[in-house]
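Q: Attaching a single structure in structure tokens format; questions to follow.
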Amino acid sequence: MWAGLSPAIALALALALALAVAWAKELKPTAAPIFTGRPFVVAWDVPTQDCGPRLKVPLDREESAFDVRASPNEGFVNQNITIFYRERLGPFPHFDAQGGPVHGGVPQNDSVLRAHLAALPERLRHYIRQPEPAGLAVIDWEDWRPVWVRNWQDKDVYRQRSRQLVASRHPDWPPERVAKQAQYEFEFGAREFMLRTLRAAKRFRPRHLWGFYLFPDCYNHDYAQNWATYTGRCPDVEVSRNDQLAWLWAESTALFPSVYLEEALASTPHVRNFVSFRVQEALRVARTHHAGHALPVYVFTRPTYTRSLTGLSQMDLISTIGESAALGAAGVVIWGDAGFTTSMVSELQGPPARRRCGDR
């Protein structure tokens with residue numbers, strides 16, 4: 001099944017699956033795999049199709065090492081993995097890089113939601129043209145978060161704008177009342193936007209597994225501030241906030257957490273802790289908030305460190321792919337963007353290009 005994978009990945013998967021079998025009896029049953037004969041899926045979602053025509057190097061053999069192959073690029077449709085970025089499903093409220101509102105900016109806008117839902121069937125029909133075979137459908141909305149308090153740093157604009165809208169309607173209200181009402185309206189609007197999108201998508205393509213990228217998250221990035229004492233544990237407050245999203249987990253049919261690694265973590269003992277607790281939190285949510293069976297968890301990882309073209313070390317491949325399998329995830333999605341492929345093409349030619357473009 002994994003012929004062609006690097007020895008490090010193959011070893012990691014073999015060890016991980018042995019542990020997974022030993023633990024299986026203790027876990028809540030998970031939905032049956034949608035990819036027949038694949039209890040743990042290794043998916044390649046990187047636009048390496050560019051390598052073939054640009055380098056004159058066919059990659060069919062290399063890519064066949066993966067259970068599932070897809071491309072996140074716009075022109076590719078009807079794939080086993082479909083990622084719906086910001087406006088692929090219809091108008092999406094957000095603020096642009098200059099701080100300007102797009103489609104109203106904030107999700108508590110009924111007219112934008114109506115326009116979004118009206119456009120959704122046509123968008124779904126474009127990207128997933130046939131109801132069969134089943135696949136993964138991942139909604140990737142990263143501009144705002146449905147839990148009010150999690151919109152920190154550059155996302156604070158969503159809280160500011162929400163307070164401004166309430167204050168404009170109620171200029172006589174004190175700031176505390178404005179803030180409370182703004183939080184209610186924002187969280188209600190975000191919930192409606194996400195839930196109604198999921199429900200409509202599932203009605204249209206019920207065989208696909210639907211969920212949101214980066215959900216759940218556990219915000220255990222405090223290694224930079226606490227390197228010597230870092231444990232990787234998810235803060236209790238973030239676990240509690242994930243429980244506030246029970247409405248989202250109940251409507252989702254899969255979870256898609258991320259274990260992308262910053263280069264500061266490369267080949268350190270912290271990697272395993274960072275990954276392990278993120279995957280464990282996703283599995284906890286999958287078991288706790290879905291009736292009948294646990295949701296399948298597909299973990300997103302990258303072939304390189306974030307904001308870098310340096311490939312993951314053997315140790316870190318084991319700590320991401322292997323750890324995810326050992327803990328009981330349904331699979332991993334190895335994701336890369338066009339920048340990754342383009343950089344490889346521009347830097348390398350000949351036999352090394354084959355390795356860098358197709359065998360990460």
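A Cβ is built for glycine as well, from the same backbone N, Cα and C atoms used for every other residue.
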Q: Determine, on the basis of TrEMBL, the cysteine among CYS234, CYS357 paired with CYS218 in a disulphide.
A: CYS234
Q: Applying a 10 Å Cβ distance cut-off over all chains shown, what neighbour count does CYS218 (disulfide bond) have?
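A: If we count other Cβ atoms within 10 Å of CYS218 (disulfide bond), we arrive at 23.
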Q: Please name the residue among the recorded positions GLU142, CYS234 whose C-beta has the most neighbouring C-beta atoms within 10 angstroms.
A: CYS234
Q: Using DSSP reduced to three states, classify GLU142 (active site, proton donor) as helix, strand or coil.
A: coil
